[in-house]
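Taken straight from TrEMBL:
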- Arg56, 79-82, 145-147, Gln151, 198-201, Arg381, 392-393: substrate binding site (BINDING)
- Glu75, Lys236, 295-304, Tyr306, 329-332, Glu356, Lys383, Asp389: ATP binding site (BINDING)
- Glu75, Asn77, Glu299: Mg(2+) binding site (BINDING)
- 136-233: domain 'Glutathione synthase substrate-binding' (DOMAIN)
Amino acid sequence: MDFNLLVDAVSQNAAFLEQTLSSTIKQDDFTARLFDIHKQVLKEGIAQTVFLGLNRSDYMFQRSADGSPALKQIEINTISASFGGLASRTPAVHRHVLSVLSKTKEAGKILSNNPSKGLALGIAKAWELYGSPNALVLLIAQEKERNIFDQRAIENELLARNIHVIRRTFEDISEKGSLDQDRRLFVDGQEIAVVYFRDGYMPRQYSLQNWEARLLLERSHAAKCPDIATQLAGTKKVQQELSRPGMLEMLLPGQPEAVARLRATFAGLYSLDVGEEGDQAIAEALAAPSRFVLKPQREGGGNNLYGEEMVQALKQLKDSEERASYILMEKIEPEPFENCLLRPGSPARVVQCISELGIFGVYVRQEKTLVMNKHVGHLLRTKAIEHADGGVAAGVAVLDNPYPV
């Protein structure tokens, strides 16, 4: 998995992260707070020796000038990459529906898919390498978690391996978490081998108490998924900088084939830092707004700006240093198709749709040695073309399955 290698390389390159995010952290408080923790951990010395990445790289098929499709990356998710559990269940749903309709041949074409098993395999490997058989996996959960069944699928896979998971919030860690003299992490008196974040990717998820809890976790010897550097590696600004000539070669020396494969998936990505380059990008977007998307340094969906909203935002930002907290991206234009979306509260009807394909990747590194790097499944989300932004959690997209033809 090329993107696993790239994310891992970025996370280990402190100079690249500092240079890349230098303008962003001056304008975006959330990224700045994450970067402050990163600097504190580096200053004290990184305690963890096992590093775990559970990533999801999202793509759409771009229509090229000659009509042929090309897979282009939208983003890579390095924290709380969701729907691996639910995506493991959707093949059975569609096979069942097709079988009920006596379409057994079509049902047999639905691809097998079990990301939850592969994601759990990565956590299990990190737990094993930690080297304490009585230690637990700590899942950092939101207090009111809507997506709990997606998470439970991974927890159940771990339990089948006799690896126990405890669910706690940041507030719980603040009150009951501690480090011993070797910086081993304990919660409620139980040693923690792996910390799996399913919270902590949006500003509203952090109070002052939560920031203190995040720092405690990052200082610990436990394997974090992700550690703070890997979360920073997944920011939009890093994605944009990786598209610059020579960056991939610098981060992945001696791997020209991987570099070529990665670069082939890049859409146009443009810096909005103050200066001639940023001015030109803004001018191009204002002249042809339908060709671009404005992206802030945010995860969780529903944050991007399109069309007239983007135009108004760029007009407000163009003379402000705040623009450095955004990037501009070429808008990917997939070929629409007809499908029937089943959503609560909406009648089932055939509409024009587009799909987004996510590829789950897992890697585990011990010290400097990569001990696991694999693709573990996929996620397909489909939505009506009338919705520019928003995903499954926003009630816009639905979980789907690829159908080979």
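Cβ atoms are placed via backbone N, Cα and C, with glycine included.
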Taking DSSP states H, G and I as helix and E and B as strand, how many residues of the domain 'Glutathione synthase substrate-binding' (136-233) are helix, strand and coil?
41 helix, 26 strand, 31 coil
Starting from the Cα of Glu299 (ATP binding site), work out which of the binding-site residues (Ser82, Arg146, Gln151, Asp199, Val392) are within 10 Å.
none
CB contacts for Val392 (substrate binding site) [other CB atoms within 10 A, all chains]:
21
CB neighbours of Asp199 (substrate binding site) within 10 A?
20
CA-CA, which of the binding-site residues Asn77, Pro296, Lys331, Lys383 lies nearest Val392 (substrate binding site)?
Lys383
Cβ packing number for Pro296 (ATP binding site), 10 Å threshold:
18
Within 10 Å of the Cβ of Glu299 (ATP binding site), how many other Cβ atoms are there?
19
Checking the contact step here: among the binding-site residues Arg56, Arg146, Gln151, Tyr201, which have a Cα within 10 Å of the Cα of Glu75 (ATP binding site)?
Arg56
May I ask for the distance between Ser80 (substrate binding site) and Lys331 (ATP binding site), taken between their Cα atoms and rounded to an integer number of Å?
25
Inside 10 Å of the Cβ of Lys331 (ATP binding site), count up the other Cβ atoms and send me the figure.
21
C-alpha spacing of Asn77 (Mg(2+) binding site) relative to Pro296 (ATP binding site), in angstrom:
14
Could you tally the C-beta atoms, other than its own, that fall within 10 angstroms of the C-beta of Tyr201 (substrate binding site)?
21
Give me the CA-CA distance between Gly302 (ATP binding site) and Arg146 (substrate binding site), in Å, as a whole number.
17
Could you please provide the mean pLDDT value for the domain 'Glutathione synthase substrate-binding' (136-233)?
97
